[in-house]
C-alpha cells in the first residue's frame, strides 16, 4: 500500500457531481461541463478531461473541475470523460462521462423560386434542401396547412426534401412553405405556385380564304388555353377533322388549322373551328371561296380561205362567271389591234373575223385569253390616337382605298396587345367609314393596329401597322384573389393572397394595402403597406389576444389604389388570461387540507378557452416550495377545490389562477391561511448532562414538526423495565431541559420527553441512561489577570476544588467566536494559570471551565477585556527579490507581514532596507519605509555597474524584527542610458552625443540643431550663418533614450558684419520711396535718382540713417520718367544697388489683379509648390511687388506668405507648407498708387505625403503574462502624421547580460538618426500593427530576460523617427484575472464575511502572495471606500467595524510579486440591523394649559428598518401627590408626532423618545411646561353662548395682548361625555369677536362648555372662563308633543329608582373607608400602542386629593371618552364578571416596585353599580350603563409602580392603575386598563 492509501483518513477518488449531457447552439456563448470530485488528500487530486479519447487542455479552470467550451462549433460535439486520480497512489481513477451536442441552426442549400407558373395537368417539383446539425427535418405547408394533413395522393415529398405535384389542377395554386427545423432553430422559405387553368381563346381565329380549284387551301385556327383545348373542324354538321376523326383531303394541322388538298369547286362553303377544354369552348367560322380556273376549250384551227372572203378563227374559253375575259389575237407574235381596222374584228365569243382577206393575211395566228378579274382593296395611311373623351379607347383613321374593281363590303380591324399575336377586334366596319373608335382596351398596355378591306373578291392586304401606343395607367380594377388568413400567435395573423388577374392590373403593380379591424364592430381600419408586388403575404402583429378580425387586401399601382377584396375573418390564437379569478376564499379544513372557493375571471380577460384552474399554496417562509393542484373548469356556479398533504399548523399563502392552452394567467392576491393544529412530532436531540449519582439533566430541542403552538413538554422517567416507578412532569413551552432529581445511583432509567400542543401530546422520544457516582466539578471564576507579557498572560482563579483534572481556557477578540486556546492538567489547589502562545498587542476576554471524569463544568463568567503588550515582529518579510532599475538604482520587492504578525500598533509598522557592496558591509546604508503595506522600493543613488547586497526587516514601535536573507543585484552599465545636460554632476555617459540648438533671435521661430558626436568634445563650429545677426545658443546631450535638458540660460552672440550689405528688399515710389534693409542692419542707405532721359551719371544723391525706411523726392518734373537707385552701407562699404523706374504722373491707378493663377502638379512636393500667374494691367504705374497669400483648407484663415515677390516675377515657390494638406492661394499686385484686388483663388491643391514627423508618444511596456508584455502608446499628433497613417511597427530585441559592452555608434546628422544607430535595428524583431490599435501584446518571449522595445509610425512614404527605447523585464506579471465566485455574507451588525476562489491557474502568472479586498458603501464609494490587504493566500476574510444595516459593495483582487491583478466585479452584502441612534430632534407646539403637540425626527443613524418609537413622559414633580409615567409605543415610521391632552397647568414634564429597529436605541430627552408662557396674551373676557334653531354663536371680548400683539384666537370645547378640553376651532382671526358653528357639527344629546384662548407670537395664552353649558339637542316645545304626559309619568318612576340606587350605592361605599387613611405619592406608568403611527389623545389626570373615605362628587358627571379610531387595538373578550378594578391595555406589563401607599379617592361618577359581563369594545361605546363601571379593590397594598412595556415573559403581575390619586389592583387575572384618553383616569 502506498503512502496515500496508508494515511489515516485516506480516501480514493470519487465523483461527487458528474457532468451532465448538454446541448448548445453553435456560436451561442459558452457551455460549461462540471465534474466535482473528492479524495483524501484533496490537494493531490488531479482532474483531467478527454473528448472522444483525446486529452483536452484548453478551457479548464477551477483546478480542472470545470471545462468551458467557448463559442462551440459542431466539431466540439463528442463524448467528454472527466477522470479524477491521485497520482502515485494505487487508487483506481474515478471517471464520469457526458455527451455534448452542438447543434447548428438549419439553412437552405436549395430553395424554390418565389413564383412558379405552370399549366394544369403538368408535373412540377418544388425544390427545398437544407442542412444543419443535427440534420433538420423538412415540413411542407400549403396555405398554412400541413401537406401531410392534406393527404393528397398527387403530392409526393421527395427524399431530398422537395415536393412533387403531379397532374396539376387549378386548386393546387397557392403558397407553399418549406420549414426546416432542428434543435438549433428553424428556417423557412416559400413559393407561390400559379396553376393556369384557362378557357380557350383564339390567338389567330379563322379567316376567309379564296383559292382556285385544284390548289391547296389552309384555314388557320390558333387557340390558347389550359389545359390545351381540343380543336374540331366542321362543315355544317359534318366533322371534317379532329383529334379522332380524319377524312381524306382534310387534315388537322398541329397549329389547329385545316388543310384541304386539292380544292374542288364544291368545297366552297363555310367552315367552323371548334375549341374546347375543361374550362369552356368557343368557335369561329371562315368562308372558303373556290374560283373556276379559266381555260380554252375551243382552240383556233388551221384554215384556208379564198382571197377576198371572210376568214373566221374560233377561240372558245370557259371561265368563272365573276371574271370577265379579254381575248388577245396575235399574228406572227404581233398583237392585232382590233380598233385599227374594221376589216379585222374580234367577236364576243373570242372569234377572229378577217373580211376581204388577201395574201397579206397569211400567217400564224395565236389566241390568248386574259381573265380581267376584281382586285382586293388595300387601306392606306392608318393613324391611331388616344381618345380624349373616352377612356380605354383609341381612334383609328385611314384613307379610303382603291376598291379593286369591286365595291368594299366592310373593314376588319386587328390589334396586337403587348406584342401578342394579332387578333380581330372589329370584324365588320362599314364600308363608308374612314375612322373608328376601338374600345374596351386595357390600361397601361401597348397596342398596334392594322386594317384590311373586304370586297367580293375577298380580304385585301393589311394596312401598315401603326406605331405602338401606350394607354395610361389606372388603378387595378379587381381585388387580389384567394385571400387566406390564419392565426400565427395570440397577437398575430398571417394573411396570404394571390395577385389580381393580369388583365385587371391596369398598370405595373407597386404593392398591396392590407387593412383590418375587429370583426362585427364599427371602427376605422388599421392598414399595412406592402411595398413589393412580389410579396403575397403579411404577418399582422400587435393584435388583441383571441379576437376575431376582418381583413381586406387591395392592390395598387402608379395610378392609385384598386378595389378591396371581400373581407375574410380570422381569430388570433389564444393567450394566457390577464386577470385572476375573483372572489377567492381560502380556509383550512383540517391540519393538512385547505379549501378554495372562487369565481371565474371576467370572460373578456380569459383570452382563450378556459382549460381550468390551478390552486397554489406555498409556505410563508419558503415561497419556492409551491404545491399546485389543477382543477377542471366548471361553467356553472362557484368553483371549489382542495389542496391536501400540506404541512400541519403552517402559514401558507394561497392563490388561484386560470390557465388556457398557451399558459397560466396571473394568480389572485395571495391570502394567508393557517392549517389547523395537530399533535406535534417527536422532540429532537435528547441528551443528558450533569449526570450525578442522584440527579441528571435531560435536554432536548423543539420538535422539527411542531404542528401547532407548543404549550409544554411531558417528561417521564422510570427505572428500566419497571412501569410502576414511572413519574411524569409537565413543563412549560420555554423549558428545554430539566434536572431529574431523586434518582438512585448506578441505576438505569428510561427517560421520555414528548411535546404537547392544544390538540394533545406527540410521540415520545425515549432513551436509557445510568446514574453515576462522582459529583460534578464546580464552576470556576476568574479573579484577576496578572503578570501580562506580550504573549503569556496569567490568570488567577480560586481553587477548583476536589475532582478537578485540568482547566480549559478560551479567548475571544472583538466580535469573534469563543475558541479553545489552552488546556492544562493542574492540581486541585492551583490558583494561577499562565496561557502561552498568545498574539502580542491583541485584545482578549477569557473564561474557564473545569473538567473531570464526570464531565465539564459550565464556563465561568468572562473576564474583562485585556490586551497583550506589544513586541517586535517575530518574522522577516518573505519572497525578497531584487531587479535592476537603472544605472544608479535597484528595485527591491518583498511580501509584507500579515496583520497578525505586526505584534504592535499597525500605524507604527514599517520596513528598513539595508544595502552594501559585497565585502563592505560595515559601510552599509539604510532606507526606512513607513508604509506597512508597501511591497517594493527603489534604492537610488547607487554606482553604475556595481553589485550590491540587500536585506529588509520589519519594525514597529517596540523594535525591529529579524533581517531577511540577503539578495544580490547589479546596477546597469552607464553610458548611453544617462540623458541629461553635459555639465550635470556625476558620471557622464561616454556614448552620449551633444546637440547644439541655435536660432536667429528675432527671425527664426524654431531653433535649428547641430549634432556633435562623442562625449568628450567640448566645442563645435556652426557654419552657414547669416551675417550680423544675433543668435541664441543652447547645448544639450542626448542618447537613444531621448534628449537631455538644454543648457540655461541661453547664450546670445552676433555674427560679424564682415562684408558689404546686399541690396534692399524692395523699393517703391510715388513721390517717395519705401526701403527695407536686408538680413543684417547697415549703418545707412544712399538714395540716387535722375531723369531717365538724362545722362547716366547725373544722379541726385541723398544719404539717410539706418532706421529710415521711406524717402520723399520733391521738385520732380511732372509726367516724366525717373530712375531711382538705392544702396545700403556697412562699415565694410556699399552694397549692391537696387534700381527702379518711376513715372511722375497724376493719371495713375491701382493695378489690376494678376490672372490665370496656376499650380502645376509636377511642381507640388510634400512641403512646397510653385505658383504661376499672368500679371494684370499696371495702372500706368510700375508694379513694385506682388503679395502671395495662402489659406489652409477647410477652415483656415488667409495668411500672407510673402509681400516681397519681385515685380518681374511670374512665378513663386511657396515653401514651408505642411505635407498632405490642401491649400488655396491668391495674389495681389502693388504699384505706387496702392494694392490691387486679390486675384481669383486657385483651385485647391494638396501637398504630397511625407514620412510622419513624430514617433508615437507615451510608450509604455508592462508585463502581461510570464512570457508576454503589453505595449501601449499614443498616436502621433495629427499635424505630424504628414499623410494617411498606415500603422505602427514595433521593434523589440533581447538585451544582452548586464555586463555586456555597449554598442559603438557613429555620428549622424539628426538626433533620430543617431538614436536609431545607437540601437542597431538589425538585432530587432519587427511586428506590424494596425493604425486603429494603440495596444499590442508581444508574446512568446523568454522568461527572466530583459527586452528593449521601440515603436514607429509609418505611412506610404516611410517611417517616423523611433520612440525612445523602453526596457522591460519578462518573467513576472501581475495576475491577469480577478478572483472568482466572490460571495458576501453578513455575520453581525458590523461584520461581513467575504469568500472567493483564486483566479484560474493559467491567469495567476506566478505565486499568489495575497489579496486586496476593496469595500465601500453602495451609495457613497468616493467617500467610504476602504481596502484590506490579506498577505496570506487565504480565500476568506471578515470585514469589521462596518455600519449597521448598510449595503456594501466588495471587490477582490489578487496580487503577486509583479503587482496587482484586476478587481472582481462588485458583490453586494448588507450588515445586520442594530439598535438605532438618537432621534434627531424633539419639539413641542400648540402648548396650552392642558394640551400640546410633541414631534420628533428620524434618527440620523437608523441602523436598520425603523419599526416604531417609544415616547415616555412624566411630571418632574408629583402633581396632586401623583407622579405618573406614561409610555406610548408608536408603530411605523410614517408619523412622528403625538397630541397629548389633560395635562396639568404649570406642571413641567420630562419627555423621552427612543427609536426601535430590532431593539430600542438611546433616548432623547426634553422638558416642557404646560400652560401659558410668559408674554402670552391674557384670557379673553365676557364669553357667552347663544343658540338658535340650527346654529350656535360664541361671543367674547379680547383680553390683554401680552408681550406681542394678538395674532388670533383658538376655541376649545369640553363635551359632557368626555370631560376633556380640546381644540374646537383654530385660526380664528384677531379681528373676530364671535364665531358661529352649525349644531350639525356637535353630537346630539351632549352638552358642551366653551372657552377662548388668545394667541400671539409667544404662544397660547391663558384660556377664558368656561361658558355656560349648552346642549346640542334641537328640542321642540314639550307642550306640542303627544307623548308629554307619558314622559312625565316615566320621569316620576325614574326619580324613585334613582333614590333607591343612591341608597344602595352609599351602603356599598362604606366598606372602603379603611382604604383612605393616608395620603401619598404614586407613580404609574402606562403603555399605549399606536399602529401605523396613529395619533392617540393621551391625558394625565390631576385632581385634588380627597382625604375622605368616600368618592368626591364633581359638578356634573363625566363618562369615558370614545376612543380614537386610528392606531388603537381593541378586543372583544369578556374580561371578568365584575368591573371592580381598572382594565389594562392589551399586551402591557407592569413591573412592581416598592413605594409609599396612596390614598384611594372616589371616581368622577356620582354613583356606581356592579355591571354584568360585557364586551371590552362595547365598554368604550356611548352606552351610559358603563360609565360607572369602575370599582376599587379593597385592601390594596400601597406600592410604587413603574410600567415596563415589552418585559420578559413571566408570571403575569397584578395590573395596577391609578384613578386621580388612588392605586387599584384588579381582582381578576389578566384584567386590562383602558387606553389613555378613554376615561377621566388612567
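Residue numbering: from 1, along the chain as shown.
Quick reminder: no glycine exception, Cβ is built from N, Cα and C everywhere.
The residues of the domain 'Ig-like' (106-196), classed with DSSP into helix (H, G, I), strand (E, B) and coil, number 7 helix, 53 strand, 31 coil. Annotated domain 'Ig-like' per TrEMBL: 106-196 (among others), in sequence order.
On the 0 to 100 pLDDT scale, the domain 'Ig-like' (200-289) averages 88 in this prediction. According to TrEMBL, the feature domain 'Ig-like' maps to 200-289 (among others).
Helix, strand and coil counts from DSSP across the domain 'Fibronectin type-III' (378-474) read 0 helix, 44 strand, 53 coil. As annotated by TrEMBL, domain 'Fibronectin type-III' applies to 378-474 (among others).
Here TrEMBL flags 682-776 (among others) as domain 'Fibronectin type-III'.
The domain 'Fibronectin type-III' annotation in TrEMBL covers 779-871 (among others).
Annotated domain 'Fibronectin type-III' per TrEMBL: 876-974 (among others), in sequence order.
Annotation source TrEMBL lists domain 'Fibronectin type-III' at 1045-1148 (among others).
Per TrEMBL, domain 'Fibronectin type-III' is recorded for 1153-1250 (among others).
The domain 'Fibronectin type-III' annotation in TrEMBL covers 1255-1373 (among others).
For the domain 'Fibronectin type-III' (1378-1474), residue counts in helix, strand and coil come to 7 helix, 46 strand, 44 coil, using DSSP. According to TrEMBL, the domain 'Fibronectin type-III' annotation covers 1378-1474 (among others).
With DSSP classes pooled into helix, strand and coil, the tally for the domain 'Fibronectin type-III' (1475-1573) is 0 helix, 49 strand, 50 coil. As annotated by TrEMBL, domain 'Fibronectin type-III' applies to 1475-1573 (among others).
As annotated by TrEMBL, domain 'Fibronectin type-III' applies to 1576-1677 (among others).
Taken from TrEMBL, the feature region 'Disordered' applies to 1046-1084 (among others).
The region 'Disordered' annotation in TrEMBL covers 1749-1773 (among others).
Annotation comment: TrEMBL describes 1788-1818 (among others) as region 'Disordered'.
Look at TrEMBL and you will find 1682-1705 tagged as transmembrane segment.
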Within this structure, do the domain 'Fibronectin type-III' (1378-1474) and the domain 'Fibronectin type-III' (876-974) have 3 or more Cβ pairs under 8 angstroms, counting pairs 6 or more apart in sequence?
yes
Secondary structure composition of the domain 'Ig-like' (200-289) [DSSP: H/G/I, E/B, coil]:
3 helix, 51 strand, 36 coil
DSSP says what for the domain 'Fibronectin type-III' (1576-1677): how many helix, strand, coil residues?
3 helix, 50 strand, 49 coil
